[in-house]
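The transmembrane segment annotation in TrEMBL covers 20-40, 225-242, 247-268, 274-296, 316-339, 351-373, 410-429, 616-634, 641-663, 669-693, 714-733, 745-769. Summarising the annotation, TrEMBL assigns domain 'SSD' to 641-768.
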Amino acid sequence: MMIKREVSRPFVARVTERLIRSRTHFAILGLVIVAIALPFSRNLTLDRSLTNLFAADDPTLLDYQQLQQSFGGNAVAMLVYRDANLMSREGMIRNQEISQSVEGLPGVNGILSPSTLNAVVDKIRPGQFFSRSSLQPSLAQKNNAVARGIDLIFSGYTHSRNHSFAAVVAMLDPHHPPETIAGMQRLAHLLAKRYPGEVSDAVLVGEPVLINDGFDLIERDGRKLATVTLLLLSLVVLFTLLDFRFVLLTAVVVVWSVVVAEATSVAFGIHRSLVSTIMTAIVTVISVAAVLHLGVRFQKARVKGRSTKEACRRSFALLLVPIFWTCMTDAAGFAALAWSRILPVRQFGMMIAIASVTVFIAILLFAATAMMLPDLRVASSLQRIQRRATGWTRRQCIRLACLFVARRRAVMAGAGVVMLLCIIGTWNVTPETSFLNNFRSSSPIVVAYEQVEKDFGGAGVWDIVLPAPSEWTRDYFKQVIELENRLRQIDANGAQLTKVLSMADADLVASLAPLLRITPPSVRLSAMRIAMSHFVDALLTEDSQSPKMLRIMLRSEEQLPAEQKTELIRRVQQIVAEHTSTKAWQEALGDGPSTPPRVTGYYVLMSRLVAQLVGDQWRCLLVAAVLVWLLLWMATRSLRLSLAALLPNLLPAFVVLAAAGWFGGKINMGATMIAAVSIGLTIDGSVHLLAGYRRLRQRGHTTVASATHAAGNVGVPILLATAALVIGFSVLSTSEFVPTATFGILVAATLLLGTVVNLTLLPACIVWIDKNE
């Protein structure tokens, strides 16, 4: 082992000399690389699909994909507005004009609205044309049985029950461009001006709107984080080191690493997604920690009277290897996400692993040039205060470490108890089941959904997909109606379905028309397919398609508590399974396919999204722990020291997640990544402390003295880095997208806990495990 150390020292010395001597060439090479990478980095696209956040073989996803394949994959957006005179002739004309405006947008396959239904009533009861008042739309005629039936079954879908709100339901192409949602939002915004005094309270809701707004906020937060955090951290680095050289180095390392990592990701076919937009934040964590360690060591050498070149040489000689292992352990921790079953998580892990490596390369390329620039220190009077503060902080860190080392047995026992309680606490965590709760209560999209929930009886959209016979029959539709009636009677701890709708209901209403009463269902459905083709296609597979399927559209409250939502979905699944296993259903199905019914849709998919991510993160955490431990073993060449560093760094993630469970909070998408990335966030300080500990042990110091003084030596840069990063991540806490704010808060909490662990528990753990005096 001594031979390896003796060999490594000349090697580091040679690398250090080369970096300093050829610093201009390395800086120019770095600029050339970033100039080449910049155009490619701009091609990194954002994957806006939420279905990719599920494993490819997840049953919930497979059911949803079957729904999309069978019924064209139509996504639904609803433009809802208030019109007190909706059921007047003028109100229906306004609705028709708005419907035409929506239908003319790119990406809109078809629409359904009160004016569409009015046209359907006209076609079903043509004989009523001359007998009705020309001032009253067909849909509003109380003496028309067909009109009353259509009004009843579509209330809560295309209009409110009191007829004061109308909805233009737009069925969108699954691959609709972003301009589709933007165009509908502009229409909603301008309706009050377009119809002054007649139309008000126009809002846009629906799954595509939620996803569009969510990703827009995520992209905006990513840009804010990249800009504001870099500015804040640059100020923190300036105030802590009082040297513009390290401010410049911080900015260069972060920007260079992000650009090169993004360009490399494009080359590997990796896309940004909902989870990978935090890459800049992670790169900032790694970069600032490395720069602050270099800065503190550089200034310490300068205070001792060493020249700029000698201070640079000494800083590199002492920190190049620890920074290398820090970046490698970060890369290994994030590369562990490659074991995830979820594609965006795997891609996120690869992006951050690449970025971790690029941070070390950026240090090699630019650190020597920045540190060898002419003296850019400021406020010489403050520097004396800073040196005194640094010395005082170092002494306090040593005292704190001594306190914990002296009581190491009690400390280790206490840490074990806390870890056990936290593991138990994580089982009490409830996953968030509503995507809408990812937005703040004051957000326009939440206000819009609350309005729809109030006036339409529920904004949560989901579906049941049923096998159907080769020919539509009265017996089959009778069985579907019976199933719908059972579904309407569900009471899941107070949660109910607010709307149950299928073409069986529409067929029942159409049969009220004298001319259609004696015709078979297939004839009535053909007539309705002509009148509202896109809506019928969304509920029935085409006649030529085999096997045939029927879709029941369900509506329920979007913001139900997780327990109620889970129970409601379970009860619907139970009743569907019971009904479709009866003899009457099997006889009505006849020669239909034997495929099982599916309860699926956006509502079900979103209720499982966070649970899917939570379940996946534990596998990745285990792999990350193993990989990081192996690298620590390679770095320290000591099994005991690697274990001493790893075990304390598992504690912050469990404490943060358990706290959410103890205080009754819900785990959203922002929290699901913390367990997997926490090791990468907190291990940096441990690597530097271990490096200092090994140096002191090699000089003959005792285990206790080496551990406590290593904590004192790295305490200042660790505390400075933590303070800088907590300030930076606090920017995210103001985000309108709750998972982003949650991620920022949890990262800050994890960094603080990691700092406490590294300066207290880690020295105690090292002394307790490494007993060689």
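Glycine residues also receive a Cβ, built from the backbone N, Cα and C atoms like all the rest.
Automatic prediction, not curation, is the source of TrEMBL annotations.
Under the criterion of 3 or more C-beta pairs below 8 Å, with sequence separation of 6 or more, the transmembrane segment (274-296) and the transmembrane segment (669-693) qualify as touching.
The transmembrane segment (745-769) shares the most Cβ pairs under 8 Å with 641-663, out of the stretches 410-429, 641-663, 669-693. Counting Cβ pairs closer than 8 Å and at least 6 residues apart in sequence, the transmembrane segment (410-429) and the transmembrane segment (225-242) reach fewer than three and form no contact. Proximity of the transmembrane segment (351-373) to the transmembrane segment (616-634) is not established, fewer than 3 Cβ-Cβ distances being under 8 Å for residue pairs spaced 6 or more apart. Confidence in the domain 'SSD' (641-768), given as mean pLDDT, stands at 82.
Distant neighbours of the transmembrane segment (225-242): 250-251, 254-255, 258, 278, 280-281, 284, 288, 291-292, 295-296, 299, 377-379, 382-383, 386, 720, 723-725, 727-729, 731-732; these residues of the same chain sit at least 6 beyond its ends, with a Cβ under 8 Å from one of its Cβ atoms. Taken residue by residue, the domain 'SSD' (641-768) breaks down under DSSP into 114 helix, 3 strand, 11 coil.
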